[in-house]
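S.K.: Please find one structure pasted underneath; my questions will follow.
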Amino acid sequence: MNEYPKIAVIGGGSWATAIVKMLSENLTEIAWYMRNESALEEIKVNYHNPNYLSSVEFDVDQLRLTNDINKAISYADYVIFAIPSAFLSQEMTNLHVSLEGKVIVSAIKGIIPETSLIVGEHFHQTYNVPYENIAVLTGPCHAEEVALERLSYLTIACQTEEYAKVISNCVSSHYIKAKTTDDIIGTEYAAVLKNIYAVACGIAHGLGYGDNFQALLMSNAIREMKKFIKKVHRMKRNINNSAYLGDLLVTGYSLFSRNRMFGNMIGKGYTVKSAQMEMNMIAEGYYATKSAYELNKQYGAKTPIINAVYEILYNGKDPKKVFRKLTEKLD
Ligand SMILES: NC(=O)c1ccc[n+]([C@@H]2O[C@H](COP(=O)([O-])OP(=O)(O)OC[C@H]3O[C@@H](n4cnc5c(N)ncnc54)[C@H](O)[C@@H]3O)[C@@H](O)[C@H]2O)c1
Ligand SMILES: O=P(O)(O)OC[C@H](O)CO
């Protein structure tokens, strides 16, 4: 494959829009699939995605815009998926072309509800994509800061180093630095779990806990994450690296965080439904909480924070009471 290969981005939300922006710094052509036809037309005419990161201006001559997922995937050697995990299976029912030989890149930070698998495992088991052709684009990075060209660090995980380097070259620019790793499982689980911890941070904030408690919560969260990932996939990894701890911190502390925002509303007394309706964006942590909780039944990692968030979101327990109990389990 060439140094700058053919890439397709699947999704029309904030993260897909940010990824297309990163790629457009290097590639002369990018295929971009989104299901929303009127958004596509708006990009063609006004050069902006009207719904997400609308300040970003695109050169449409660089874009092969389509609302046919098959066209985008047929074109590409590398396919970057950036739609929320809850909608991936539905989107893939429209797929009629083969994924054979393509590098599948997950930029999704979630578990596929239908299979309870992280995205790479889902593509491996459901679509027979070999692990060598699966990559993960992750790291502490908010789409909104990409739009502002604020310096951000990504991690590209892939067992085939050559593919990781190609993706890393394609997204790097004066505001993006990317490093590579072969931990395709651990980086994905970290991205899933940090969303749940960010929901917990938001709930705590909504309940009136302060910065001191948040620091304690984060300190417990990274230890809980380490234990969970170790049970699921044992390998030598440094949990303090930016793809694990870094991502947890940005999501837990940033005001841009969808998951923290969602949690904050829950802490303030919103129901799950009303909090979701209030946001134009998806908080992956809501779905991840159920999947991680269920998954952990087979692993038995000690996860008091995940359990507390699960009790609140799925068993309708009072956040105040659940957090009071949780505070007794943290140190
Ligand atoms: N936003 C970020 O900063 C960021 C950073 C890293 C990773 N991610 C990950 O990227 C993925 C996409 O998140 P996002 O932030 O771009 O989402 P978003 O909340 O900005 O946008 C929601 C997206 O979901 C789509 N959608 C809504 N309902 C749908 C349905 N019924 N069927 C199909 N699609 C539907 C919308 O069209 C839109 O593309 C998530 O897994 C997220 O964790 C996001
Ligand atoms: O912080 P959130 O909840 O918006 O998630 C976005 C990204 O995963 C941050 O790296």
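Cβ coordinates come from backbone N, Cα and C, glycine included.
What TrEMBL lists as domain 'Glycerol-3-phosphate dehydrogenase NAD-dependent N-terminal' is 6-163. The NADPH binding site annotation in TrEMBL covers SER14, TRP15, ARG35, TYR52, LYS109, ALA143, ARG258, ILE282, GLU284. Marked as NAD(+) binding site by TrEMBL: PHE87, ALA143, ARG258. Taken from TrEMBL, the feature sn-glycerol 3-phosphate binding site covers LYS109, GLY139, LYS194, ASP247, SER257, ARG258, ASN259. Annotation source TrEMBL lists substrate binding site at LYS109, ARG258, ASN259. Taken from TrEMBL, the feature domain 'Glycerol-3-phosphate dehydrogenase NAD-dependent C-terminal' applies to 183-323. Under the heading active site, proton acceptor, TrEMBL lists LYS194.
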S.K.: The record names LYS109, ARG258, ASN259 as the residues that bind substrate; what is their largest Cα to Cα distance in Å?
M.R.: 12
S.K.: Looking at the binding-site residues SER14, PHE87, LYS109, GLY139, ALA143, LYS194, which have a C-beta within less than 6 Å of some atom in ligand 1?
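M.R.: SER14, PHE87, LYS109, ALA143, in sequence order.
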S.K.: Which Cβ among the binding-site residues (ARG35, LYS109, LYS194, ARG258) has the fewest C-beta neighbours inside 10 Å?
M.R.: ARG35
S.K.: Expressed to the nearest Å, what is the distance separating LYS109 (NADPH binding site) and LYS194 (sn-glycerol 3-phosphate binding site) at their Cα atoms?
M.R.: 9
S.K.: In the domain 'Glycerol-3-phosphate dehydrogenase NAD-dependent C-terminal' (183-323), how many residues does DSSP put in helix, strand and coil?
M.R.: 107 helix, 0 strand, 34 coil
S.K.: Roughly how wide, in whole Å, is the group SER14, TRP15, ARG35, TYR52, LYS109, ALA143, ARG258, ILE282, GLU284 that binds NADPH, by largest Cα to Cα distance?
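M.R.: Max Cα-Cα spread across the NADPH binders: 22 Å.
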S.K.: PHE87 (NAD(+) binding site) to GLU284 (NADPH binding site): how many Å between their Cα atoms?
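M.R.: Here the two Cα atoms lie 11 Å apart.
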S.K.: Return the residues near SER14 (NADPH binding site), defined as same-chain residues 6+ apart in sequence whose C-beta is under 8 angstroms from its C-beta, sorted by sequence, else 'none'.
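M.R.: When sequence neighbours closer than 6 are ignored, SER14 (NADPH binding site) has TYR52, LEU53, ALA143, GLU144, MET281 within Cβ distance under 8 Å.
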S.K.: Got a sec? Which of SER14, SER257, ASN259, the binding-site residues, have CB under 6 Å of any ligand 2 atom?
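M.R.: Cβ under 6 Å from ligand 2: SER257, ASN259.
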S.K.: Roughly how wide, in whole Å, is the group PHE87, ALA143, ARG258 that binds NAD(+), by largest Cα to Cα distance?
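M.R.: This binding site's residues have a maximal Cα-Cα distance of 19 Å.
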S.K.: If I restrict to non-local contacts, at least six residues apart, and a C-beta distance under 8 angstroms, what lies near SER257 (sn-glycerol 3-phosphate binding site) in its own chain?
M.R.: HIS142, ALA198, GLY202, VAL250, THR251
S.K.: Across the domain 'Glycerol-3-phosphate dehydrogenase NAD-dependent C-terminal' (183-323), what does the pLDDT come to on average, as a whole number?
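M.R.: The average pLDDT of the model in the domain 'Glycerol-3-phosphate dehydrogenase NAD-dependent C-terminal' (183-323) works out to 97.
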S.K.: Which state, by DSSP, holds PHE87 (NAD(+) binding site): helix, strand or coil?
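M.R.: DSSP call for PHE87 (NAD(+) binding site): helix.
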